[in-house]
Structure formats: C-alpha cells, structure tokens
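Chemist: Submitted below is the structure of interest, expressed as structure tokens.
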Amino acid sequence: MASPRTVTIVALSVALGLFFVFMGTIKLTPRLSKDAYSEMKRAYKSYVRALPLLKKMGINSILLRKSIGALEVACGIVMTLVPGRPKDVANFFLLLLVLAVLFFHQLVGDPLKRYAHALVFGILLTCRLLIARKPEDRSSEKKPLPGNAEEQPSLYEKAPQGKVKVS
C-alpha cells in the first residue's frame, strides 16, 4: 500500500495540474467560457498598463496572456501526467507564475476576492513542493548500533528496582 505521503503528493499533483490546465485554457481560448475569457483579456490589459516596463520590452497584453496561459497548460500537463523530477520543476515554475500574478493583482489594486484563488493555489503549490522534497522518514526501521549490536545495551534498560538505567 502507498504511504500517506505518496497519496498526498499524487492527489495534490493531479488536482493542481488539472486546475492549471483549466485556467491556462481559459486564457488561451473562449471555448470553455466566453465570460471568463473576456475577463482575462480585460485583466491582462490592466496589468500591462500598470507596468510600463512590459510595454517597453515589446510585450503586449495578448502576448502576456497567451504566454502565461501556455505555461500554465504545459506545467499542468506535466503535474498531472509526468512522474518524477519534471513534476517538481513544473511545480516550481507554477509557483513563480502564481507569485507574478499576485504581484500583478497588487499592482493594479484588485480586491482580495479577485486574487484569493491565486493565493490559495500558491499555498497548495508550496505545500506540494515541500512534501515532495522532504526526504522519506524511515524512523520506524531500527538502525543497528555500530559494532556488535548484541553486546551493547539499549540506552533505557529496565533496572532491577523498576528504575531506568541510563548508560
């Protein structure tokens, strides 16, 4: 049976991956929701207006929206389907992307309800990355003492009068 850690990582990976595939697709095409697509277009226009540096670099709202959407779809697919290290790399890129989106929302002065989802999914991405990068805990296995393990007493052996003997 899989460990709880593995189940948690897989569940978070699939849920986050599907969410980002969905959100990235909304940024790329109006087929899923015309209203959400229109809202994304409007939001990205305000982001570019609020950050003139993007305009100077030749990045317009369409390019920004489509590049972020494509990155979300690609990383979401990796998070959902690809095993191993690429999943952690996709997680890291999505976390950076969420931080950039939070920056954009703050820059234009959006209320919390407009970017609460980004905050929650940023926290979930952070949790998934921390759980995935934490080494497996093997404390349940007994580690032999150096030398001959039978000759060395344990640290807390029972003494004859019920006292704990510490060596």
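Every residue gets a Cβ built from N, Cα and C, even glycine.
Given the structure is predicted, the values throughout are model-derived calculations rather than measurements.
Straight out of Swiss-Prot:
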{"type": "TOPO_DOM", "residues": "1-5", "note": "topological domain 'Cytoplasmic'"}
{"type": "TRANSMEM", "residues": "6-26", "note": "transmembrane segment"}
{"type": "TOPO_DOM", "residues": "27-61", "note": "topological domain 'Lumenal'"}
{"type": "REGION", "residues": "43-54", "note": "region 'Interaction with NGFR'"}
{"type": "TRANSMEM", "residues": "62-82", "note": "transmembrane segment"}
{"type": "TOPO_DOM", "residues": "83-88", "note": "topological domain 'Cytoplasmic'"}
{"type": "TRANSMEM", "residues": "89-109", "note": "transmembrane segment"}
{"type": "TOPO_DOM", "residues": "110-114", "note": "topological domain 'Lumenal'"}
{"type": "TRANSMEM", "residues": "115-132", "note": "transmembrane segment"}
{"type": "TOPO_DOM", "residues": "133-167", "note": "topological domain 'Cytoplasmic'"}
{"type": "REGION", "residues": "136-167", "note": "region 'Disordered'"}
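Are these features on the surface or tucked inside, and what touches them?
Modeler: When Cβ-Cβ distances below 8 Å are used as the criterion, the topological domain 'Cytoplasmic' (1-5) is approached by residues 131, 134, 136 of the same chain, each at least six residues removed from its ends.
Sequence-distant contacts of the transmembrane segment (6-26) (same chain, six or more residues past either end, CB-CB distance under 8 Å): 32-33, 36-37, 40, 68-81, 87, 90-91, 94, 121, 124-125, 127-128, 131-132.
Confidence in the topological domain 'Lumenal' (27-61), given as mean pLDDT, stands at 91.
Under 8 Å from some Cβ of the region 'Interaction with NGFR' (43-54) lie the Cβ atoms of residues 60-62, 64-65, 104, 107-108, all in the same chain and six or more residues away from its ends.
For the topological domain 'Cytoplasmic' (83-88), the list of distant contacts is 13, 129, 132-133: same-chain residues at least six beyond its ends, Cβ to Cβ under 8 Å.
Beyond the transmembrane segment (89-109), the same-chain residues lying 6 or more positions past its ends with a Cβ under 8 Å from any Cβ of the stretch are 13, 16-17, 20, 46-47, 50-51, 68, 71-72, 74-76, 78-79, 82, 115, 118-119, 121-122, 125-126, 128-129, 132.
Residue counts of the topological domain 'Lumenal' (110-114) by helix, strand and coil are 3 helix, 0 strand, 2 coil (DSSP-based).
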Chemist: In the region 'Interaction with NGFR' (43-54), how many residues does DSSP put in helix, strand and coil?
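Modeler: The breakdown for the region 'Interaction with NGFR' (43-54) reads 11 helix, 0 strand, 1 coil.
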